[in-house]
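Straight from TrEMBL, the features:
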DOMAIN    A:197-253  domain 'CBS'
TRANSMEM  A:279-299  transmembrane segment
TRANSMEM  A:305-332  transmembrane segment
TRANSMEM  A:353-373  transmembrane segment
TRANSMEM  A:379-406  transmembrane segment
TRANSMEM  A:418-441  transmembrane segment
There are 2 protein chains.
Amino acid sequence: MNLKESLLNIIADRDRQQLSIILEDSYPIDIAAALSEFEDDELTQFTALLTAKEIASIIEESDEELQQKLLGLLDSSKIVTAFSYMSSDDIADILGILDISQRKELLKRMRISDSKDIQMLLGYGPETAGGIMTTQYIALKNTLNMKDALQEIRRIGPRTEIIETIFVVDQHTELVGKADLRDILIASEDTKLEEIMDENVLSVHPETDQEEVSLIVSKYDLKVLPVVNRKNAILGIITIDDVIDVIVEEHTEDLLMLSGVSKDEKVGNSISMSVQRRLPWLFINLMTAFLASFTVSLFEDVIVQVVALAAAMPIVAGMGGNAGSQTLSVVIRSIALGEISIKKDWKFVINEVALGLINGLATGFITGLILFIKYDNIYLGIIILVAMIGNLIIAGFFGFLIPLILSKMNLDPAISSSIFLTTTTDVGGFFIFLGLAKLFLPLLL
Amino acid sequence: MNLKESLLNIIADRDRQQLSIILEDSYPIDIAAALSEFEDDELTQFTALLTAKEIASIIEESDEELQQKLLGLLDSSKIVTAFSYMSSDDIADILGILDISQRKELLKRMRISDSKDIQMLLGYGPETAGGIMTTQYIALKNTLNMKDALQEIRRIGPRTEIIETIFVVDQHTELVGKADLRDILIASEDTKLEEIMDENVLSVHPETDQEEVSLIVSKYDLKVLPVVNRKNAILGIITIDDVIDVIVEEHTEDLLMLSGVSKDEKVGNSISMSVQRRLPWLFINLMTAFLASFTVSLFEDVIVQVVALAAAMPIVAGMGGNAGSQTLSVVIRSIALGEISIKKDWKFVINEVALGLINGLATGFITGLILFIKYDNIYLGIIILVAMIGNLIIAGFFGFLIPLILSKMNLDPAISSSIFLTTTTDVGGFFIFLGLAKLFLPLLL
């Protein structure tokens, strides 16, 4: 019997005892997955059996669709009680997907101090440090001694996301350091926090982009990063598990956008939604394709005379595209990891051009040789060799510079780089190859 | 004055006091970055000023090149002292890049218990759970009371990577639960660990692939995951910060391999290395291009008679390629996130085929219309419309199934999917379009 069936049996029998056993043995995310296949009335009956704390743990692990469903079915007082077991960033995320009237209703019913925190979080963009931070952290005064500090940690700890790192503030609530719980546990009782704290604390502002946050956290191997305002007062913390979500999200975006797919695309999306998301990109590509086609049509007179050109030209354009996307993905990756910038690294374009020359020579030589043998014309072979060298150089040059320039203009290089690049290598490839053929037409006849 | 210059001044003046100030104010990773531009003799002079603990923190944050350099310059006894401040997974990684004689020499000089841990770690593949785990964790007996437990945590804590989660073992050293330090801090002194522990502990075996580890950690939002042997005895732990590195690595691999670039490719690599890494992929692509070219050459007689076909045919092939890579990247992404499998989700291929039909109809209609206007031949327009619908259906069908089949065969779908797909959409596109043209040639003349 799978989890869904077990839960349905529990609803039928209203068997709270069996439910407790299952909740103990399963992970909330697996329960949530099973619930997402439930009908509304089954959900209502099921949640009626749960405590607010159990509901909280399931809501936290549900996807947006199930969250919306659950919050529509539960009454406000039960939701607010469940919220008291959840971290503020999760609550803010959930409120963010509700309609305004329900959101206001819930905020009104929450404890004032909590609702103030949540409203602050709701004010930040979802992809900023403020949007992903939580307000459940421990910040203690620098003059506190170990005994009192430990007392506070015992008191606040159960409601915080992290207890290994304690933030230290001065009398103006300014962030002045961080202390490791290990040191607090072993220091003598009357040691003060400021004696054992580490004054080196990296922090970010709430409007910092989440991608920058993830770069800082992974570069400095941090488990937690505080978010401070202009006066250096601590507003919240970002924990490493939230950063993992950001990294996965940003990488997905990069990978999908390189192929012109929206980051929300998933296998199993409705067809009409997928059409809406993918068709615009195909239309943009169609314009590119017409540009390439137009380039070819300029040389129709040549093709009629040497029809071998029609068969050979896709090779030149295609290889340029392949070489270009090799360069492109290396550069986009380096940009995402914060490793390069156009100012510092533009000179590496020479490497890519040299690579294009060498790879063009190697692949062009083979192609030329095969065409020479097939059509028994050495000049056709030479022309395609030169065209491939030229197009792979173009590919290296633009594959390197396009994403860097886009990123410098604060545009996401993953979105539009490939479209510019394909245009360049297609049009460039056809133009060089067919242009050379036209120039040396007598030799080809 | 930048960090590198400050450090060079310190070497010149042998100014240990100034060095202490700088070390206090900087992050080891920034120091390491500065050191990577040092000459060997500067490095030797600099490390002579450092304590073993300071050396340890810098080595941990260095890239492989600097690590090798530093370990070549330092004498074995200082290295072994530095190792005593480092976590076992980092030591194992470092020993892994040394030559065997130096590795043996260092292992011989280490404490026997430490060297046994390290040798165990060295025995696991670098991309497995065993390869990324550390042996510095806290595991306590289930019958221990809070007072004694806290005593042990105080004693062992400073040398462990994580103290929020304490693992609980029974008398046979079998993993039976985990306890939260928060609960230990607030429970009464004579409570036993088994009373407050959570018996639900996910664990992996040392040979588990690191990609699976990262999926488990991010799905269940874990901060730490224990690694156990067949008898369920704990061997080590994997912490979330190591998982971040894995995720970044795996994503980079996927993104780069989709374009046929090795995962180690970086901007600024030597040209000869890049040629070696990229050229093989281009040769494979060249074979594909020849297949496409061969398909075209089958229809040279038709093209000579209707040269417009030469200009139009890149549109059909190109749009198929674009639509196919949209499907491909969505599927590869879903595979990487462990969201789909061929067994469960093969039926979604119908969605992709339907998408191909709709998108082919939309883009094909526009293309057909333009060609009709340009060449004043309605049949040319109809033929390209049909060809584009056909090719986009092919793209959806194969873009969906190729990665799933490769993954089912335990091949990395990111590596070879795109090459199979391009072959299909190129050959398919040219064949349908030119084949239809040949069939209805009289209508086109």
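Just so you know, glycine gets a Cβ as well, placed from its N, Cα and C.
Highest Cβ contact count with the transmembrane segment (A:353-373) among the listed stretches A:279-299, A:379-406, A:418-441 falls to A:379-406 (criterion: pairs under 8 Å). Assigned with DSSP, the residues of the domain 'CBS' (A:197-253) fall into helix, strand and coil as follows: 24 helix, 15 strand, 18 coil. Taking residue pairs at least 6 apart in sequence, the transmembrane segment (A:418-441) and the transmembrane segment (A:379-406) share three or more C-beta contacts under 8 angstroms.
Only residues 6 or more beyond the boundaries of the transmembrane segment (A:418-441), in the same chain, are considered here, and those with a CB under 8 A from a CB of the stretch are 258-260, 284-285, 288-289, 291-292, 295-296, 298-299, 302-303, 305-306, 309, 312-313, 316-321, 323-325, 328, 379, 383-384, 386-387, 390-391, 394-395, 398-399, 402.
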